[in-house]
């Protein structure tokens, strides 16, 4: 299986409010950037949207190392998700996106690594800037 790195970040202005997401996918010396946003959302939803949209791009099963400054996303992938499924996602927020994650992550092996946000990690900083730009686009449509 191919080794892929995914860096992702989500932003929400107001939380909830206008939001944006960005992800960088790296394979060897190739890089792909994706981004987008929504009119009314949360930072956690945008973080998860970034990951899901990145996974949709992959055409074959991969070993994925995910880097995120979201403890929510990293803990969910590495620890909580199995328990959530056993309890049929009772009291879990963003169930729609977690169920989508389960679908788009099928066949992949994913290890999520938490990185401290706003701490000079180049790819995280890039994703953060792109996600904020996407969120700003939606501010103009809500005023």
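Just so you know, glycine gets a Cβ as well, placed from its N, Cα and C.
Residues or ranges marked as domain 'RNase H type-1' in Swiss-Prot (evidence: sequence analysis): 1-136.
What Swiss-Prot records for 9, 128 is Mg(2+) 2 binding site. Of all Cβ atoms in the protein chains displayed, 20 besides its own lie within 10 Å of the Cβ of residue 128 (Mg(2+) 2 binding site). Under DSSP, residue 128 (Mg(2+) 2 binding site) is assigned to a helix (H, G or I) in the three-state scheme.
If you look up Swiss-Prot, you'll see 9, 47, 69 marked as Mg(2+) 1 binding site. Taking a C-beta cut-off of under 8 Å and a sequence gap of six or more, residue 9 (Mg(2+) 2 binding site) has these contacts in its own chain: 21, 22, 23, 47, 50, 68, 69, 70, 117, 124, 127, 128, 130, 131.
Looking only at the binding-site residues 47, 69, the densest Cβ neighbourhood within 10 Å occurs at 47.
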